[in-house]
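Structure first, commentary second.
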Amino acid sequence: MEETKDMGFSTLEPEKYSKELDIAVRAVQMACFLCQKVQESLISKTASQVQAKDDNSPVTIADWSVQATVSWILSETLGSRNVAIIAEEDVQTLSKTDSAGLLEAVVQTVNDCLAEAPRFGLKAPGTSLGSSEVLEAISRCNSTGGPNGRFWALDPVDGTLGFVRGDQYAVALALIEDGEVVLGVLGCPNYPMRKEWLSYHHRYHRIISKLTPPTSESWDKGCVIYARRGSGEAWMQPLIQGHKKLVWPNSATPVKVSTIENPALATFCEPVEKANSSHSFTAGLAHSVGLRKQPLRVYSMVKYAAIARGDAEVFMKFARAGYKEKIWDHAAGVIIIQEAGGVVTDAGGCPLDFSKGMYLEGLDRGIIACAGGKLHEKIIGAVDASWNSSSL
Ligand SMILES: Nc1ncnc2c1ncn2[C@@H]1O[C@H](COP(=O)(O)OS(=O)(=O)O)[C@@H](OP(=O)(O)O)[C@H]1O
Ligand SMILES: [Mg+2]
Ligand SMILES: [Mg+2]
Ligand SMILES: [Mg+2]
């Protein structure tokens, strides 16, 4: 039987950050609840509710609503003076005069979600938030990060493209102190019941509805994974929302990385979009180290979750030259993999540096995360040769 501890916090109770971790897990559970409702309505409606940002990437009411909700919860529970947050979204688009409908939808979504706070063991607001309070909660996430003090890094919806396509996405929240990630929480609302389904892009929902009777509680769909630095443990909770009977306190089971060391048996994952990572470079690298399986292409930080859960062994991302990785796209995933027993570095073998502000400055070429040191060593050892023979 699998070990189960109440929340997995029993060993952490006297430890630093236990209150922050507890609140962060609840906030991410709520965010997942919010996202599931928005994703359902996005997919069932024909009207497009997806906006394009300046860099042409998508943003939806879920991105803003999660940012507002998590910001509000952290401020209410920890005190707004103690909370600094760096996050992906801002209020620029929402504040435009022609965005009144969009803002209204965000305010409604936030209030609908916050009204459910007691199910997550949190206090709901006394009265519904008005639009100025929602905008304020979003724009309060204006920390610039850096080497000193404590701040949260939030990606309200990571893999927005996967989200709008009805596929994988994640909610990512990390606490960074003096440049080091100390807590990571990753919500993966569509994490499938069977790891094979991770790669069924687009068809995912059809498969689920065909194979899962509508009455099924589908316990294993979706999870929240979290870890505290130095604990040597990573924990996973089922999602609260699909289960009317599930209320706080939730249960947690430990997760561990895979023990596979043989590249021929290992699965590597990478971004779905070629624009986000060079598929041809990783194919060459995979070939040279003897990774024989097809790459598992998954949107978002669900890739980090897959490594931490032992469902894949390697994650590689090599963005185009000039692209600077943002800290909120990696912080939570990195600490979760490390505490679950894995290794994460840049392509030169150095740890990722979360102390330089919004970006992972100084990142050497790409990111390589592995279930174990041996696999990691092999891949790092092969990067230079592949790099020199590629045109990246
Ligand atoms: N050009 C480019 N190169 C590399 N990375 C980029 C690029 N553009 C965006 N992003 C960031 O990638 C985040 C999603 O990364 P993924 O690894 O999940 O990629 S993919 O969606 O599977 O293709 C995505 O996160 P979200 O915006 O939160 O979805 C972006 O921060
Ligand atoms: Mg992201
Ligand atoms: Mg995002
Ligand atoms: Mg985005």
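These residue numbers are counts, starting from 1, taken along the chain as shown.
In case you wondered, yes, glycine gets a Cβ from its N, Cα and C as well.
Going by TrEMBL, these are the annotated features:
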type: BINDING; residues: Glu88, Asp155, Asp158, Asp329; note: Mg(2+) binding site
Cβ neighbour count (within 10 Å, all chains shown) around Asp329 (Mg(2+) binding site): 22
CB contacts for Glu88 (Mg(2+) binding site) [other CB atoms within 10 A, all chains]: 23
Spatial neighbours of Asp158 (Mg(2+) binding site) that are distant in sequence (at least 6 apart) but have CB under 8 A: Tyr169, Ala170, Val171, Ala172, Ser300, Met301, Trp328, Asp329
Any further residue of that chain within 8 Å (Cβ to the Cβ centroid of Glu88, Asp155, Asp158, Asp329) of the recorded Mg(2+) site: Leu154, Pro156, Val157, Ala172, Met301, Lys326, Trp328
Which same-chain residues, if any, lie at least 6 apart from Asp155 (Mg(2+) binding site) yet have Cβ under 8 Å of it: Ala87, Glu88, Ala170, Val171, Ala172, Leu173, Met301, Lys326, Trp328, Asp329, Ala332
Three-state secondary structure, Glu88 (Mg(2+) binding site) (per DSSP): coil
